[in-house]
Amino acid sequence: MNPILNRFLSYVTIDTQSDPNSSTTPSTEKQWNLANKLAEELKLIGLSDVTIDENAYIMATLPSNSTDASIPVIGFIAHFDTSPDFSGTNVNPQIIENYDGKDIVLNKEKNIILSPDYFDDLLQYKGQTIITTDGTTLLGADDKAGITEIVSAMEYLIHHPEIKHGTIKIGFTPDEEIGRGAHKFDVEKFGADWAYTMDGSQVGELEYENFNAASAKIVISGKSVHPGYAKGKMINAISIANEFMTLLPENEVPQKTTGSEGFFHVHHISGEIENATIELIIRDHDKSLFEKRKVRIATIKEQLNKIHGNCIHIEVKDQYFNMKEKVAPVYHIVTTAKEAMESLGITPLIKPIRGGTDGSQLSFMGLPCPNIFAGGHNFHGKYEYVPLESIESAIKVIVKICELTATKSNR
Ligand SMILES: [Zn+2]
């Protein structure tokens, strides 16, 4: 079997689902199963300084093979947990060789079909080797494709000493899918000037802009009075919650926005007369529009408090920020990745992410960190798939970035 495919399969068949309700790191004990295996494998292929800390963060070094000490130290990062949204137990990958562009039956019994009629991206991969699920689990290409690519690229560089490169750092994290991948990442220990997460989707993706993100919890206190005698006395928290929501801009919601448009997204509401709670998230790529959205929420609160008495309390929490702010001053790190792709005949697809990555947090922790494609599609569900050729392309991109970083510093 193709050794890269073999490596990928050896990772996805280990269940590493993370759990947002756990407070430990890693959030699930089972993530250690893959983490320990990875640490061993990194030693085996010949990397130096392989460490795995008490939170299962793995780091390793490929020492420079160049006499030029001025080459920047760069890093590659991927996460080994899988999404809590869908089962990762007993992943049973199906391998479709020489894909013919037709429907792929994932599960005959349950009639689960991966069809290009619905997922038209599939048609880009006619003739390639597609790895799918059996329809009962996710695949875990997010982000075990990224792990496979980084390990394979390091192995390739070890076997090809004629390719000159500086010091390369690699980092594998738990719990990215529950937003905690970067939390306990020791940027100082990692010691890279910048890094790339290998965690994007289709071939060519290169991302250095993501949302600014905040969450808001709106708590409304009401006053319950017998409905027959309530005139001028009752304060119905449910009605006020409803009023609050109708004052939000109706077209600025996830289902009506795209590209760089921001939104408010009410994702939870609960209430009775005495008490109602609205939970929402605020997203915007533009920092000043992001701040304006927070002001807008506060303004609605004040407006309603004036009418109903001081019954609304709001708690806003920033979650993460657009990494563009940190990457723009070192934009050459994006250019290098772009040049690496172009030299391999891959068209770079540079677009803002409508979400966040580990890289956005890491960028604000002092490690500028754009995101590169890992090759998979339809993450977090049973239709997840990855073409083997896309994994191979990502490996070449990593190798090329290492090479270009070394030659660029000589110019
Ligand atoms: Zn991911």
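The backbone N, Cα and C atoms fix where each Cβ goes, glycine too.
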Point to revise | Site co-member for Zn(2+) 2 according to TrEMBL, given Glu177, His380, out of Asp134, Asp142, Asp358 | key: Asp142
Practice item. Given that TrEMBL annotates Asp142, Asp199 as Zn(2+) 1-binding, name the residue from His79, His226, His265 that shares the site. Key: His79
**Study point:** Close recorded positions near Glu177 (Zn(2+) 2 binding site), where close means Cα within 10 Å, chosen from His79, Asp81, Asp142, Asp199
**Key:** His79, Asp81, Asp142
Revision key, fill the gap. Same-chain residues at least 6 apart in sequence with Cβ under 8 Å of the Cβ of Glu176 (active site, proton acceptor), in sequence order, are Ser18, His79, Asp81, Asp143, Ala182, Asp199, Asp358
Exercise for review: Around the Cβ of Asp81 (active site), how many other Cβ atoms lie within 10 Å? Please give the count over every shown protein chain.
Suggested key: 30
Point to revise | Residues of the domain 'Peptidase M20 dimerisation' (208-307) by DSSP state, where helix covers H, G and I | key: 37 helix, 31 strand, 32 coil
